[in-house]
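> One structure coming up, written as structure tokens, with questions to follow.
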Amino acid sequence: SVGFKAGVKDYKLNYYTPEYTPKDTDTLAAFRVTPQPGVPPEEAGAAVAAESSTGTWTTVWTDGLTSLDRYKGRCYHIEPVAGEENQYICYVAYPLDLFEEGSVTNMFTSIVGNVFGFKALRALRLEDLRIPVAYVKTFQGPPHGIQVERDKLNKYGRPLLGCTIKPKLGLSAKNYGRAVYECLRGGLDFTKDDENVNSQPFMRWRDRFLFCAEALYKAQAETGEIKGHYLNATAGTCEEMIKRAVFARELGVPIVMHDYLTGGFTANTSLAHYCRDNGLLLHIHRAMHAVIDRQKNHGIHFRVLAKALRMSGGDHIHSGTVVGKLEGEREITLGFVDLLRDDFIEKDRSRGIYFTQDWVSLPGVLPVASGGIHVWHMPALTEIFGDDSVLQFGGGTLGHPWGNRPGAVANRVALEACVQARNEGRDLAREGNEIIREACKWSLELAAACEVWKEIKFEFEAMDTL
């Protein structure tokens, strides 16, 4: 009899479909699955597909009212992870209709929702996502993108330079503005609010916005270059966030900033739409990312968070520095840097890219290298990140023995020297130290910076292997 058979049944009967060929419109996910002892990988992979799409733990009579074949996620391929015991990469295909158009929030609620607490799994990590063109086209994406940003700022042929204002908490608005002015006047393109600067008792947001705007207009007038300061619009409510962005627009500044993970994808997407409609660039900080992406066997890899940001919208995003890290990390970081900047990225497992991704007409995002970098790293950073990047030196500017402005001068001189050397055909990987030393001869500021940070190891020799 054709009937409804109650009871608990294996997920793999319905959700493990090795014969399935993914469609162009499917969203594909690569999960690193660590099953509990005794759970076969097919069952674990099928459980992931089920729990992140249409499944529940038992058979329900309402299953008969819909077409599971049309809406279910399918685990279509499983491979063991080399060198790891009891870990598998499970590939899952999700039909297009499972996700609301233009909503990163809804996509994540399904794909990385309840399934991560699932008992049959010891650990679960989302390694990569292939976003189908049909779904990509439902997103606005970055407010402006790389080319429009260069045109707005009138800066071409080199990476952009930034600096996070320190101490990050405790300065008054007036003193904060002074620090901004000194950095911009010395030759930086941007200064940055720290991610934890919102609107605290010692410095309310409106005062900070005013003094920073004054600083950048003064620096612009004196240098003849367009300057920006990332005004952090992150707030406790979406309404307050937009209010801050509106005030920034009224001041006529070029760029605002948002903490996209702590602020949330819904707020971020709203802000990105506002920024495109009102000609503001949007700088994105990734505070909280390590909570999600640090563990190798559980969580979400940063390349997925980076893809999600490109869909939600942002013109800059922090993406690590690569310098002084291991070679493998270098390849993987460059993998998601390409995912941020390029229109079309080929599958390349050696760089951690599990799927070919076509972004069609979504603008690119500038990767921001920030954290523990200084003038000796400049050749490495120029070589690794190329022109389409923002290099941010916080302590590497403000820690200069003579102050902020000379610190900014040192960084700008180092950058211009590296770009010129590269354009003349010199090998930055081999001659990096030499190029910086030569530039020191005609820049006292750079010489002083090099002296301060010379003890900090410059680990770039290994780059020849790339």
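Any Cβ shown, glycine's included, is placed from N, Cα and C.
Found this in Swiss-Prot, in case it helps:
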ACT_SITE  Lys166  active site, proton acceptor
ACT_SITE  His285  active site, proton acceptor
BINDING   Asn114, Thr164, Lys168, Arg286, His318, Ser370  substrate binding site
BINDING   Lys192, Asp194, Glu195  Mg(2+) binding site
MOD_RES   Lys192  N6-carboxylysine
SITE      Lys325  site 'Transition state stabilizer'
> Around Arg286 (substrate binding site), which residues of its chain at least 6 apart sit with Cβ under 8 Å of its Cβ?
Asp259, Tyr260, Leu261, Phe302, Leu305, Leu309, Ile317, His318, Ser319
> Would you mind ranking the binding-site residues Asn114, Thr164, Ser370 by how many other Cβ atoms sit within 10 Å of each Cβ and giving me the lowest?
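The binding-site residues Asn114, Thr164, Ser370 were compared, and Asn114 has the fewest Cβ atoms within 10 Å.
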> According to DSSP, does Lys192 (Mg(2+) binding site) sit in a helix, a strand, or coil?
strand
> So among Lys166, Glu195, His285, all listed as recorded positions, which is physically nearest to Asn114 (substrate binding site)? Use the C-alpha atoms.
His285
> Long-range same-chain neighbours of Glu195 (Mg(2+) binding site), Cβ under 8 Å, sequence gap at least 6?
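Glu195 (Mg(2+) binding site) has long-range Cβ partners Asn232, Thr234, Asp259, His285, Ala287.
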> Among Thr164, Lys166, Lys168, Ser370, these being the recorded positions, pick the one whose CA is nearest to that of Lys192 (Mg(2+) binding site).
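Checked the recorded positions Thr164, Lys166, Lys168, Ser370; minimum Cα distance to Lys192 (Mg(2+) binding site) goes to Thr164.
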> Within 8 Å of the Cβ centre of Lys192, Asp194, Glu195, which other residues of the chain have their Cβ, at the recorded Mg(2+) site?
Thr164, Ile165, Lys168, Asp193, Asn196, Val197, Tyr230, Asn232, Met257, His285
> So if I draw a 10 Å sphere around the Cβ of Asp194 (Mg(2+) binding site), how many other Cβ atoms end up inside it?
18
